[in-house]
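Copied from Swiss-Prot, the annotated features are:
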type	residues	note
BINDING	Asp1004, Glu1006, Asp1138, Asp1191	divalent metal cation binding site
COMPBIAS	14-30	compositional bias 'Low complexity'
COMPBIAS	333-344	compositional bias 'Low complexity'
COMPBIAS	754-772	compositional bias 'Low complexity'
DOMAIN	538-946	domain 'USP'
REGION	12-32	region 'Disordered'
REGION	323-346	region 'Disordered'
REGION	383-537	region 'Linker'
REGION	751-775	region 'Disordered'
Amino acid sequence: MEGWSQVALVPLKNSNNNSNSNSSSNNSSNGVLVQDPISTVTTTVFDSVQNLVWCGDTSGYVRSLSSVKTSPYSIQLYPYTKFRTNTLNQPIIQILSHREGVLSLLNDQLSIYNRRGVPRNAVNSMSFKESNGRELFKDLKTMSFNCNSFNEIVVGTELDLIKVDMNKSNLVQQFNHTGKVAMVKEAPKLLALASSTGSLELFDPTSNSSIKTFSAHNGYMSDMDIKGNYIATCGNSIRPKRYHYHQAPEYTADPLVNIFDIRTMKAVAPVAFPAGVSSVRFHPKLPNILIVTSAYGLIEFVDIFDQTNVSVYHADMSAATPPLPPAGSSAAQQQKQQQQQQQQPHLSGLEISENGDFFMFNDGFSNLHLWSITNSGTLSKNFVNFPQEIERPDIVNGPSGVLGGGSGSGDGAFIDIDADVPLSVVGMPYYKELLLSNWPNDLKFVKEKARLPEPIDPDLLSIFEKQQQQKISQTPKWIPYDSLKYGTCNIPEYYSLTSQKDTQIPKFLSEKNGGQKQRQKSIQALEDSIFQCQNDEKIPNCYSRLQIQYSKFGVKDFDFAFYNRTQEYCGLENHSDNSYINSLLQLYRFQSVFYNKVVHSLSNEWLPNDEATIETNPEGSSILNELAYLFDMMFKAKSRNVKTYNFSQVMNHDKQAAKLINLNELMNLNSHEVRELIIAFNNYLLTRLSMDFRNQFNFNFDLTELAYEIEVRGRGHSCPIYDKQMGAMFSLELITPPHNMMSKMSILVNPNTQQDQQQQQQQQQQQQQQQQPTNLANIRKNLNILTYLEYSMNQYKTIPCTQHQHFHPHTLEIRTSITKLPPVLVLNVNLTNEEFRIINSLKQWLVPDLYAVRATNNGSNRGYSFKPSMPVSGDFKKYQLLGYVCEISHQVDTSRTGGHNLVSFVKIKDEWMFFNDYLVIPIPEEEVFNLTYSWKKPVIVIYQEVDKMDKVEPFRHITHFQGNDSILYRDHFAGPIRELYQREYTLLTREKEAPQPGTLVAIDAEFVTLKPEQLEISYNGQKKLVKPKELSLARVSVLRGGREGINSNITGNNNDDNNNISGMIIDDPLFGEAFIDDYIVHKSHIYDYTTNFSGIEPNDLDIHKSSKNLVTLQTAYRKLWLLLNLGVIFVGHGLYTDFRTINLQVPEEQIRDTADFYYKSSFKRQLSLKFLAYVMLKERVQKGNHDSIEDARTALLLYKKYVELNQKSTNEFEKMLNFVYEEGNRLKYRVPEL
């Protein structure tokens, strides 16, 4: 439902007949008329017969507005009739459109008027002869037509439910119902009643009994609508009493629209609307579309069967402002107007026209907002499909003597142009625009100043003529529009939620204000809707391509935790290069043997630093090392997100991976190219790991290695050709068997009982007798991955022999078989789209377990056969499905680029987990094995060998490092060593200063910018950060800081994890002395050195031009990684950004961040290191360029000061922090200049 916009804003001016009528309405500051608070609009409705809009107000007036289409693109509403329904100034409660007129409901009266304002009938308590009727007809609340009747009106009162026949208005019937009826609506054969307590009751007027009652809302029901067999309700809930028991109840709008099905008498899935629902309406022509609004102007069109199909608009509620009290008003009127000035405009009275082309609402100040669809180019002028003509008043001529001016008399008198008669005596229709006669006095219409129409562009004429010359059968619907030549089109702003399907809660942490309870409700709403889809073509939300959003606070403000439903498994960010590898890395991360071998390779040291290596590998690392670091960070991160930047950078500089680089998140690839890319990376990764193990540690990495044998034999008696070759590969390419072999192979791989086999053989014989081809549907239940695996591992084909063909024709047999299976079986499913359709048609292609049985032929091994169940005898291996990488096609046409992404399913501790970049959620097993969707294609499948107890090797995580840590105690420079360079650090000594758990070290890092940030600038100048700037580590300094001890008198500030553990023990004479000060070598282009903040000068990081001793990135990273795994505690200022850019996942218990300690949440401002040093330490730092050693030492001293203040008393630091912020307010948080 795109293309809606506001087409008219009508101020409903009050015109009470009193002495103050001239001052009963005012103009607001923006020109919109605002209603006198004495009389405001209470109800609105579209007419069901004519193009009219009806309004009722608090003074008992009913007025109508007629639509006039002023142009193809605009519409106006003009007053048509206005009449008063009573003399007691009772407010109009409700209006209904009737075929004979309009019905209006007051507190004790029901009346009907025709559309010209002439009364037809009125029913009140005095209309009934019986005293019972007089007692019933009071305190009226709501009304509706009875089921399938336009003459019978059902009215809800304070205590009863009654029925009035307008043809027999002196009789009233009481239904068998007690209790207050707040709203009543007609449904097919039933009445829907809303009570004051929030319940929904279905009442049968024929049997005069209640059918069903639903508990819809906790408080009261604010709106209700019915379409077909569905009822939609919205309401409010009672807030808990916060102060005392007798407190008046407070209500809050419910964030859900409840939907009830009349046929099943059950509630169906509600519609989420976090802004709070105030009104709800079904679309009259599209019963699946629901229009939901909030009191603050948010409008949403949502499909109740597919709630991801949403269109969102926002009404401009700022157009109405309450008027100032008019001069001469009474004190009561002025008091009411002053109360209204304090109120905010709110959306109410939502109504939609019968044809569904318009809807309207009131803003609380009697301004009527009319909306319509404008994306078709023109507006509809009708509110109903076939409107009746509106009766217009007759035009009466003025007095003949006046109009005639002496030239005529009577009707049709003519006014001469020279007659001395003012034209104002004729009268004018109602108008709001400036008249043509309103021109300046000095304006003269002369030929020289006349403006001629713009000529038609010749390009458009030539296009039209060319189309005519081509003899097009019909006139084209449009001609190409050149926006560069003619400017932007007048197109309304477009709102869509397609790219952001997870909108149940705010994206940014700074936007949250609902607390933990609201967050839990939002997460539950997301979990309920994540797999909701009505057909196979609609892809659930969890498979969507995710996009990280950036606020003004950066990526730290993005709520990654919302997308992770676990406590121990991390997600991977997708805004780095080559992010398509995330799904495969998650899969290998949870294969324990693979993980253990890779991660524990870090126990040994491999740090190449020669110039030849740095020219091609500036990071001085390898795929093995970076994958090991990444796996360890993924474990330590728990449920926090992790970046793959370091791994991707090493991959980018590897020449063997040149064809695997992807920098735009697969947007330039189609479905088949995406699958080929991830399979190629899988082969590269396994091959590269094997090479790295062999080159670095002389170790054979055969975890996934399959041994194969190729045998070539001549079939002729005299053909001597025979050859046998052996080989190995790290993954197996699955091949689809030919159709004529599928039937036979499905029986061999998936044997049933002997009786079933005989039945299948009989069926095959019958098919062969009838000479019909093999029907794949008959064997579909037996086909699965084992069929493909059996065929792929045991290849057999024949080719003509070319060497001995002249003797007699014969062929050569070529047999390929797998002779050895690895512990981890990696299968590449590189099939075509047509072959995937076969998999989609199978009942269950993947199997959770498989058994590999050694096949024998005359005593010799002939490969393997695969069974879905345990063999009775023989040598076999059991494999269990670990998971698979899956390609998701978001486009029906898979040949189109973009719209494809990769996800993975992994079995962890007997539970299936789903990984989609940083989205991590548990997933049902049925969804994992369901491959019947055309958009879901398995690409890489991994099975792992298990023992008889279905166990695999346990994970061996690195919690306390015990390997080679010698890099901490020596220098390891890259390239030439500058002897003249003066070192500013002193290396650690292993005997006295070996890092231990609890050792304090101060750290600070400086970065340079490799790539600038990417911004999206809208037409109005607003900027949106699409991708942040790419930073790289340039310098890191680490200082000695003593040890941390336990002190029960110390309490942390704003960091509960640090309570009672903040004591410092300083026994090192080199306290505050640096032991690491590394400058990182860079070979790639540096966009910005940011010298003012980093202190890095140009050429400082160039291996040939730098005056400093440089190290590779892996050398610096390994030092920090060793400190982390040795259990040291890092002290610094703003460590979140440093560790995130370095890609180091440090547990919170190992971080002491002074930016968090010296932070007071009530001020919502973090203090800079420079300002804290000035106030707390009485020192001036960062006087020139930043120096990482100085910054780290300052943070260490600030932490020492924090500990000292907490040791004195619990309130000492709190007092000092208040003083710091007071100084900040006085100095504007800046250090005064000298």
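A Cβ is built for glycine as well, from the same backbone N, Cα and C atoms used for every other residue.
Remember, it's a predicted structure, so these values are computed and weren't measured experimentally.
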Residues sitting within 8 A of the centre of the Asp1004, Glu1006, Asp1138, Asp1191 CB atoms (divalent metal cation site), not counting those, run Ile1003, Ala1005, Arg1035, Val1036, Ser1037, Gly1132, His1186, Ser1188, Ala1192
Quick tally, other C-beta within 10 angstroms, Asp1004, Asp1191; top of the binding-site residues is Asp1004
Close in space, distant in sequence - Glu1006 (divalent metal cation binding site), Cβ under 8 Å, 6 or more apart | Leu1033, Ala1034, Arg1035, Val1036, Phe1093, Ser1094, Gly1095, Ile1096, His1186, Ser1188
Under a three-state reduction of DSSP output, how is Asp1004 (divalent metal cation binding site) classified: helix, strand, or coil?
-> strand
If you run the three-state DSSP split on Asp1191 (divalent metal cation binding site), which class comes out?
-> helix
If you count Cβ atoms within 10 Å of the Cβ of Asp1138 (divalent metal cation binding site), leaving out that atom itself, what do you get?
-> 23
